[in-house]
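Per Swiss-Prot, these features apply:
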type     : residues : note
TOPO_DOM : 1-40     : topological domain 'Extracellular'
TRANSMEM : 41-61    : transmembrane segment
TOPO_DOM : 62-81    : topological domain 'Cytoplasmic'
TRANSMEM : 82-102   : transmembrane segment
TOPO_DOM : 103-112  : topological domain 'Extracellular'
TRANSMEM : 113-133  : transmembrane segment
DISULFID : 115-192  : disulfide bond
TOPO_DOM : 134-160  : topological domain 'Cytoplasmic'
TRANSMEM : 161-181  : transmembrane segment
TOPO_DOM : 182-202  : topological domain 'Extracellular'
TRANSMEM : 203-223  : transmembrane segment
TOPO_DOM : 224-245  : topological domain 'Cytoplasmic'
TRANSMEM : 246-266  : transmembrane segment
TOPO_DOM : 267-292  : topological domain 'Extracellular'
TRANSMEM : 293-313  : transmembrane segment
TOPO_DOM : 314-353  : topological domain 'Cytoplasmic'
């Protein structure tokens, strides 16, 4: 009798433990599922805001910068040429962002070809943007340092050559590591270029830390020159306006790309401490909403540049007004010509001559 009672008690205790364990598991699962759903909804809302508010500005604005400047090719100054190339890089990223911003569940990273292709596009744009901004800061320093004399470095021919070299450097900075990594991971079906630990270090170093060190040095030298030139204030108004626009563009770039690089750096430091976590998607899978927000911040930079360029660039505003007037006058002329033709041309008779 005692043995039966003991066995019944044991069965009851065991069943209770199993029920408690099952309840705790189900509760944990429901909480995690609820958190994922909440993150998904917030991410979807932010993606919709980006698509409605920022994407049209970035896409149409960068195209407008290209069309207006190319329409006034003869009046294009050296800073305008750099901004045109920056607009091309931004347009590539804005077009790519429409796919990336709705990658809420990171499903695109499961397809190696799509993951690699999008990563290559993103890196080429990122490198070209930061390289152009770095070179523009250096160009502004050269312009101010040699304000009293013409510098052989600041000619349109050298500017075009510089743009070509910057694009080549951006492509090489992306394709050379890609080629090396591809040979190391040959035969791996599910290998993605974006998941390589060393590539992430290269992106943070070459694409952020080194360029901003150079930019900081250039602007500290520019500040020193401007402080010394107070007695020649009449010579600086136009230069200060151009300088102000470039400073704002660089600051916006820094603010937009800093969260992305901090996020990647935390991930890299985790991988350094624990080699088993050396994958680019670990932190993004653990904190998908944070990863999505820093992505949106980075993409927003390419949408904000046209606004900065149109509001702070007086030369561009003048070109835009002239461009609109030309288009409006051409439309008036076309309507006048069509109206004149309708009045003076005889109406064709429907009766055929015999």
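Every residue, even glycine, has its Cβ placed from backbone N, Cα and C.
Here the topological domain 'Cytoplasmic' (62-81) has Cβ contacts under 8 Å with residues 87-88, 90-91, 94, 136, 139-140, 154, 156, 159-160, 163, 242, 246, 302, 305-306, 309-310, 315-316, 319-320, 322-323, 326 of the same chain, all six or more residues outside its ends. The Cβ of residue 115 (disulfide bond) has 22 neighbouring Cβ atoms from other residues within 10 Å, across all protein chains displayed. Look at the topological domain 'Cytoplasmic' (62-81): DSSP puts its residues at 17 helix, 0 strand, 3 coil. Simply put, out of 41-61, 82-102, 113-133, 246-266, 293-313, 113-133 has the most Cβ pairs sitting under 8 Å from the transmembrane segment (161-181). Ranking 41-61, 82-102, 113-133, 203-223, 293-313 by CB pairs under 8 A with the transmembrane segment (246-266) puts 293-313 at the top. Tertiary neighbourhood of the transmembrane segment (293-313): same-chain residues 43, 46-47, 50, 54-55, 57-58, 61-62, 64-65, 83, 86-87, 89-91, 93-94, 97, 100-101, 125-126, 129, 241, 244-245, 248-249, 252-253, 255-257, 259-260, 262-263, 320, selected by CB-CB distance under 8 Å and a gap of 6+ residues from either end.
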